[in-house]
Amino acid sequence: MDFSVKVDIEKEVTCPICLELLTEPLSLDCGHSFCQACITAKIKESVIISRGESSCPVCQTRFQPGNLRPNRHLANIVERVKEVKMSPQEGQKRDVCEHHGKKLQIFCKEDGKVICWVCELSQEHQGHQTFRINEVVKECQEKLQVALQRLIKEDQEAEKLEDDIRQERTAWKNYIQIERQKILKGFNEMRVILDNEEQRELQKLEEGEVNVLDNLAAATDQLVQQRQDASTLISDLQRRLRGSSVEMLQDVIDVMKRSESWTLKKPKSVSKKLKSVFRVPDLSGMLQVLKELTDVQYYWVDVMLNPGSATSNVAISVDQRQVKTVRTCTFKNSNPCDFSAFGVFGCQYFSSGKYYWEVDVSGKIAWILGVHSKISSLNKRKSSGFAFDPSVNYSKVYSRYRPQYGYWVIGLQNTCEYNAFEDSSSSDPKVLTLFMAVPPCRIGVFLDYEAGIVSFFNVTNHGALIYKFSGCRFSRPAYPYFNPWNCLVPMTVCPPSS
């Protein structure tokens, strides 16, 4: 279309009031046409100022509001002009209202949108605060710039944290690898005995490694995701700041809300206290226990049970290694069971030197074992036995079991109550409660006659020391002592190195 012709046509369809292309044109009797919104606004002003009289804004010819008529012909021309006007320059669409075809030159604060003056008069924006674009551009630009700088700074911090976590993750891997090597080296020194213990520690280490490294990996993923979100916002803000005022202000409230609400969430750091989980266990202590057990096992003697010391209440096996109760005894407060009912001595007796033996007590719920050395002739009728009945007077039951009377023993009652019996100032022994990390199925007994020591070892728990009597005074030979009590499960003396 020839430019001059285009200009003439566009002039004919331009509203004399807003100087924009006609929108919903209305024509007066004088022949002039206006946008419906424009002439309606003028009529309202005339009603207030001129007491209801209206005149054409161009030629001042008076008219009645009811004589306004829609001009569809002009409306069609306007649409054709818009098509011709907009198609060559697609970029102009950004500056024109898509609803009314008017220039976008007003900013609605409530909606955060750039609108035309027709939109401003519409019901949608009624009562909203509106400003000319040039009135708010600088303030909005400053806010966007502040938001951009804050996000860039946060992103830089996130990048640094990501690098720190990456380095920390590597350090943790190296540290764990070193600890793994220590554990492997330590357990290799006692592979035969502690293979199960080694596997347990390695499993704990690997679980801790997975936990720590997974947490650090999750922290890295979280930071990567946050950086992606920040990058999207940064790109949006940079695009707006590079673009036109309309591009910058369009939907700016949403962008501002997202940028202001975005805050770097720092991942939780791995507690340094967790390093204790990865430390090699106290292998030296465990090795010391094993060494002590190995040392005393050097003195292992083949103890046999003495049938001559047994009563009809117990039975000793043919190989003289096992004793069990064959007749249970009912305990009464007034008449506690005779001590001799269950007690059995070893055939061997020791008056010097060092000796060691082991006893299998698997499955038993009661027993007493240790060392006995005769002190003086005691009336067996006054001795006492072991009781399960809660009504039994324990002071009578345990009165014999004390070093003063020649007994250095430990015992089990009621399935899980382990005790040692020491001297006391009263007539009753001092009953000590023993803690067992692992219930013993096999117990080692060590006697050092000259040193006056009787020690008990939990062979089931790598030879952990159960209890140790020191300062024992042996005036006569010492005998191994066994008492299965009225528990029908047998107790067995183990052959050396079995």
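Just so you know, glycine gets a Cβ as well, placed from its N, Cα and C.
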Residues flagged as zinc finger in Swiss-Prot, choosing from 15-60, 337-382: 15-60
Measure from the Cβ of C119 (Zn(2+) binding site) and count the other Cβ atoms within 10 Å, all protein chains considered. 22
Sorted by position, what residues of the same chain at least six away from C97 (Zn(2+) binding site) have a C-beta under 8 A from it? K103, L104, I115, C116, V118, C119
Taking the mean position of the Cβ atoms of C97, H100, C119, H125 as the Zn(2+) site, which residues outside that list, in the same chain, have a Cβ no more than 8 Å away, listed in sequence order? H99, K102, I115, C116, W117, V118, E120, S122, E124
When neighbour density is defined as the number of other C-beta atoms within 10 angstroms of a residue's C-beta, which of the binding-site residues H100, H125 has the lowest density? H125
Tally of helix, strand and coil residues over the zinc finger (92-133) according to DSSP? 13 helix, 11 strand, 18 coil
Three-state composition of the motif 'Nuclear localization signal' (257-275), taking helix and strand from DSSP: 9 helix, 0 strand, 10 coil
DSSP helix, strand and coil counts for the zinc finger (15-60)? 14 helix, 9 strand, 23 coil
